[in-house]
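According to TrEMBL, the transmembrane segment annotation covers 25-43, 55-74, 118-137, 149-171, 177-195.
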Amino acid sequence: MIIRSASSPASLLVYCLIKKQKPKLNKTVGSILISFGVALAMYGGAPPTEQKGKFIYWCIGVTILLSTLITGAFTGLQQEILYTKYGKHPDEMMFYTHAIPLPLFIGIYPQLKNISKNISLDVWVLIILSIISQYYCTHSVHKLGTTETTVTVTFILTLRKFASLLLSSVVFTNNLTVFHCIGTVFVALGTYVYFDYFISNKQVSVSLKDR
């Protein structure tokens, strides 16, 4: 989760390399600040674990996570390119991104069948509610992708990840540490910097004075 919190800087890096554009200072600083804040909060909320396993396996796991981070950034950019070339159709995009991977579940169908037989009614209700909420969440993300760049979408998703982290800490009564507080400050500061809040606020005050 700490590695995945760097999705915003990764998306910005891929976007600038493919588009061959120089990254804006506020976007770069804001993405780094929010990623550092989320990683810090996740580190503070992580339970202590024993160090087990070989270092080589750790390296392989980190490499896989970093590769998925980059490929995820490429996927977001590809969606933006498709929207620009073929029109903004978020419902169609959402259908194909979910329909294409479905055949891959055939390989684990026996396991899914056995698990479904042992699930209680209460769990099925939770699963249905989760599916409904995930549908609206995913639909909103695809809709957002038609109005904002992939970098901004990734930034907002990182904010959502941080909000979910704080909410889970409250729901599951986990102790809020100093890392959560410092992480919240970095996330808030990164959001202000990313969206040029300080500059735009300054410009508004000057314009009002001129009037």
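Keep in mind that glycine also has a Cβ here, set from the backbone N, Cα and C atoms.
Nobody curates TrEMBL annotations by hand; they come from automatic prediction.
For the transmembrane segment (177-195), the partner stretch with the most Cβ pairs below 8 Å, chosen from 25-43, 55-74, 118-137, 149-171, is 25-43. Nonlocal intrachain contacts for the transmembrane segment (118-137), taken as residues 6+ away from its ends with a CB within less than 8 angstroms of a stretch CB, are lacking entirely.
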